[in-house]
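TrEMBL annotations:
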type     : residues : note
TRANSMEM : 12-31    : transmembrane segment
TRANSMEM : 43-61    : transmembrane segment
TRANSMEM : 73-92    : transmembrane segment
TRANSMEM : 98-117   : transmembrane segment
TRANSMEM : 129-148  : transmembrane segment
TRANSMEM : 154-174  : transmembrane segment
TRANSMEM : 195-214  : transmembrane segment
TRANSMEM : 226-243  : transmembrane segment
TRANSMEM : 250-270  : transmembrane segment
């Protein structure tokens, strides 16, 4: 039992789970726009996500404690290095247009962690900016990259999908910010720090309503696709509403980050096994 628990913790802490969530969102974009799934791009995004997340989470720790790393952290270091090697390989499989777009998104990740605005000052430290940087990178990676890769026309509909995904990521990030209230420096100016827990939840539900009505206005989807979309908005809203300062250990890091995987599962099942009635 302890072995399984350690394996699960490594699965979460090594950023495999969150990276699979990003891949799941990306797959939804492929399916929604009826694009051929590019496995190389999915692997590229997966290993880039692991590398980026672990760089943000562990680079500082490794620098300070490189001579006395805990066993799990050493494993994560080795795993991150191997993921980076895999990322380099898949980088050479990408088209230049994908790499250029990835470069812009990668700059957000680097400047999010690296102090470039003076001592200990990075994008994360700028008041209120953290959640929006995360949302832009997620939305850009999971909506724009697959379509840029496919040379699809980036029209108004795709812009709406990008904004929807950005808003949904903000909603899914709010439970993390609520959880971290007791740890975050007040100078970060996170949404829960500024609005309080209750108003932050109301703000998140307002974003969900905007996502819902923007989907209705688009009027270009099937009933099965819409059903999967509605279920995920409901699940996201419930998870946000139930989030508190004191959460179970894996409430956010497993269940909230599982939402994109649930979305992909519902989307695939409903679009394959339910009648496709156009709206």
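Any Cβ shown, glycine's included, is placed from N, Cα and C.
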Contact between the transmembrane segment (129-148) and the transmembrane segment (43-61) (3 or more Cβ pairs under 8 Å, separation 6+): yes
Interface check, the transmembrane segment (154-174) with the transmembrane segment (73-92), three or more C-beta pairs under 8 A: no
